[in-house]
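Reviewing the structure listed below.
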Amino acid sequence: MLLLSIESSCDETAASVVRNGREILSNIVASQISIHADYGGVVPEIASRKHLETISIVIEEALRKADLPISAIEGIAVTRGPGLAGALLVGISTAKALAYGLNIPVVGVNHIESHILAIMLESDVKFPFIALAVSGGHTHLYEVQAIGRYRTIGQTLDDAAGEAFDKVAKLMGLPYPGGALIDRLAAEGDPRAIKFPRPLMHEDNYNFSFSGLKTAVLNYVRKNPAAMEGSALNDVCASFQAAVCEVLVSKTRAAVIQSGIKRLVVAGGVACNSGLRRDMATFAETEGAELFIPSPLLCSDNAAMLAVPGDYYLCNNIACGFELDALPVWPLDAISLTGGN
């Protein structure tokens with residue numbers, strides 16, 4: 001099947017053409033980072049308006065890059081949620097209009113499910129596996145039995161890891177988005193310079209909490225103004241990043257060991273972080289676990305990742321049809337309960 005995928009859940013407008021749910025023919029992403037940087041974060045109304053301005057151009061470019069006419073498309077997958085309601089509706093309305101005009105099926109897929117399954121565009125990952133989905137809006141651990149069968153085993157109780165990165169960057173005066181910049185500065189710092197807390201790390205569960213860590217960094221920089229300059233800033237970034245990564249690895253290690261599932265997927269925007277990738281690789285080697293992390297392009301928001309679940313659901317006649325609407329809050333467990341969508 002030649003599938004057109006459309007992603008507009010937050011601040012990237014993306015479209016992709018994928019063959020048979022695995023072969024990427026094009027993957028186009030239009031970012032709004034420079035627009036939202038002036039506000040220090042994503043402004044939902046602005047994001048929606050930019051999606052409206054950009055989505056047709058992005059789809060046309062995806063088709064051009066794939067060297068295909070729109071008439072060759074056999075199905076459409078679109079992000080249904082979770083995400084910003086207005087942003088989601090831009091993608092959904094576009095997908096439904098195209099599907100209606102072309103007389104082809106359309107399916108709404110889960111954004112986090114797509115992140116978790118994106119690795120299948122690059123690697124042959126067998127089920128079951130443990131998945132850590134870690135991004136600006138989510139930090140969750142799942143047991144994944146098959147496409148459409150997910151069980152949440154742990155989640156953040158407050159801030160997501162990516163949210164913590166961006167908030168800490170903002171309080172230190174770093175430009176938005178701050179996560180990638182913290183990663184770069186951390187590479188030049190000493191991760192042992194400052195002993196920041198590791199919230200919930202020693203509790204007997206798989207949940208996360210990062211708000212206390214964020215507050216600890218805030219208190220430190222207020223008491224130590226000199227920490228905002230030069231090598232001292234690098235040390236703060238390195239110490240903060242080390243704390244986040246240690247918690248993520250510790251909880252994931254516990255889930256892998258206690259479940260007996262020695263196969264792990266790390267997905268989402270924070271999976272681009274070099275420290276997390278390194279620490280996860282070290283843990284996996286020590287425990288004899290298979291580790292799969294997508295390439296950075298497939299970790300950040302994109303449309304190609306929708307093709308893995310989208311192709312599966314369409315080929316198995318699990319399609320939303322034209323009644324699909326936005327689900328700004330859409331837990332993966334709900335997919336399992338409804339047999340797909």
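A Cβ is built for glycine as well, from the same backbone N, Cα and C atoms used for every other residue.
From a predicted model like this one, the values you see are computed outputs, not experimental measurements.
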Please state which member of Asp11, Asp235, Asp279, Asp301 Swiss-Prot lists alongside His111, His115 for binding Fe cation.
Asp301
Of Asn20, Asn27, Asn234, Asn273, residue recorded by Swiss-Prot at the substrate site of Ala133, Val134, Ser135, Gly136, Gly137, Asp166, Gly179, Asp183
Asn273
In the same chain, outside His111, His115, Asp301, whose C-beta lies within 8 angstroms of the Cβ mean position for the Fe cation site?
Glu7, Ser9, Thr79, Ile112, Ser114, Ser135, Gly268, Gly269, Asn302, Met305
Rounded to a whole angstrom, what is the largest C-alpha distance between any two of the residues Ala133, Val134, Ser135, Gly136, Gly137, Asp166, Gly179, Asp183, Asn273 that the record assigns to substrate?
18
Which ones in the same chain are close to His115 (Fe cation binding site), with CB under 8 Å and 6+ residues apart in sequence?
Ala133, Ser135, Ala267, Gly268, Cys299, Met305
Sort the binding-site residues Gly137, Gly179, Asn273 by C-alpha distance from Asp301 (Fe cation binding site) and give me just the closest.
Gly137
Using DSSP and collapsing to three states, where does Asn273 (substrate binding site) fall: helix, strand or coil?
coil
Asp301 (Fe cation binding site): secondary structure state under DSSP, collapsed to three categories:
coil
